Structures are given as C-alpha cells and as structure tokens.
Amino acid sequence: MTAARAAAEILHRAAGHRPRVGIVLGSGLGAVADRAEDAVAIPYAELPGFPVPSVSGHAGRLVVGRIAGVEVAVMQGRVHAYEGNGFDALKTAVRALKLAGCEMLVLTCAAGSLRTEVGPGRLMMIADHINLLGANPLTGPNDDAFGPRFPSLTDAWDPALRRVMAGTAEMLGIDLAEGVYAAFPGPSFETPAEVRMIRGLGADAVGMSTVPECIIARHCGLRVAGCAVITNLGVGLGDGPVDHDQTLRAASAAAADLERLLVAFIERIKDLSLDEKDGARS
C-alpha cells in the first residue's frame, strides 16, 4: 500500500466521511481550521509520508470536519522546498486528499506584492503562476494511476472557481486583487534585482510555496483555487528589509478577511458540480 493510500484510510477512519474540499493553509493562516465543525485533528506525524513542517506559523496537522456544511480536510501548515526534503511528502499529502475523496483544492499562502497599489493586508486571488523553483514536483517516474506524463496547466487555477471566489469577495465587500503568483526557492528573501526581474516576467506577487501543490493537484485531476495574503511589498518597493516575523504579523492581521472569504466561498460551492467535465457554476 502506498503512503498516500494509507494516509487516506487513516483520514477516513478519523473523519467518518469523505471530504469534498481540501484546503492548505499558509504561514500564519492556520486559524481558518478553527471554523471546522465536528473537527478531528490528526498530526502529520501520524499520517504516513506526510510532511512535518519546520517553519514557525505552520502547525503541522490535518483537520477534518465541516465548514459551511461542506466536508473538508484542512492542512494546517505546509513544507517548502527550501526545507530540503524534496517534493515526495507534498505529493503524498495532495494525493492522499484526492484518494480520500476531495474534488478540489484551495491553496492559501503569504506573499510579497510586486504591485505598490496592492499593499500589506490585501488578498490576491491567484489567476496563474510562474514556477521559478528550478524544479518540478512531477520530475521522475510518472505514476499513471494519478495522471498523465505531460499534464496541461493551461487552466491550472480554475477559471470557474475564480469567478465564484471573485463574486464571493464582492458580496462580502472584500477588496480582492487578482494576479500572477511567482514561486521563488527561498529561504532567503529576494534581492531588489530579483524583484525587478520577477516583475518583468509578469508576476504580481512572489512567495516560496503553493506552485508545487497546484502542479501535483492538477496532475491528479483536482480543481484548484488559490488566494495569497499580501504581507509586504517586494524589496525595493517598500520601506526597509523584509523578515519572517513581519510576514507572520501581517498574515495574522489579514486572516479575518481570508477566513470570511473562504467560509463564504465554500458555502457557495456547496451545491455546485465540481466534476472536471461539468465545471463549477457561480
């Protein structure tokens, strides 16, 4: 039995139901999991092959329950490529969510803005991404049981789900930006020259995560939506240096808006078809 299948079975036994929506919470954003009702928390260490985060702001547990009446599996914390463990644990985690029954994956993260008009505290819906990690999580032998050797990323960030998220933000009065997210290797923050380069490539925000999960999810047929919490302006665009404590403080300040958005978004997709061929309808 693979680690992903073993983890999915543990999830089933703990939850007593099949989750429909998977959620990954980024740095300082773990409080969203507290909205889950009938919640059961499973430490990553008890799930075969799951990542164990080493970075502050990532609790390292899977919370299964219901949000707005929808069965969810919430990853409270993630690992990053810079932690030195490759992508195997990320693949196991995302594929376990798929095997457990998830039809879509909602990714959240903290990010630095490359647009001065989208400052700290704002939310940015991810419309597309640029992979600057220097690696792809699908490198190596392909597991045909999950997806094709050469998956398309044309609509990696599901257009229909983006419409639902944008409409939800408008309904709530949340000023939701939309843009392209660039994944940078880290753990060092970008230099001013790198910020200029990334802006020139067409990115609107930069972070150190999220893209690998999106690629893995699309490979195995999960639909993907994403939202970044803007915690700072890129180096050279704002005042002073950037540090991780600043990221956590800004993420915490914006967490309430993200929580409101995600709960209402999940409620709006409750009665929608998430089948790949049917599309989500707002």
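Our numbering is plain: 1 for the first residue shown, then up by one each step along the chain.
A Cβ is built for glycine as well, from the same backbone N, Cα and C atoms used for every other residue.
Marked as phosphate binding site by TrEMBL: S27, H58, R78, V79, H80, A110, S209.
Here TrEMBL flags E190, N232 as purine D-ribonucleoside binding site. Following the DSSP three-state reduction, the secondary structure of N232 (purine D-ribonucleoside binding site) is strand. Counting every protein chain shown, the number of other Cβ atoms lying within 10 Å of the Cβ of N232 (purine D-ribonucleoside binding site) is 22.
Annotation comment: TrEMBL describes 20-267 as domain 'Nucleoside phosphorylase'.
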Around the Cβ of E190 (purine D-ribonucleoside binding site), the count of other Cβ atoms that are within 10 Å: 23
Densest Cβ environment (other Cβ within 10 Å) across the binding-site residues R78, V79, H80, A110, S209 belongs to S209
What does the structure give for the C-alpha distance between R78 (phosphate binding site) and E190 (purine D-ribonucleoside binding site)? Integer Å is fine. 21
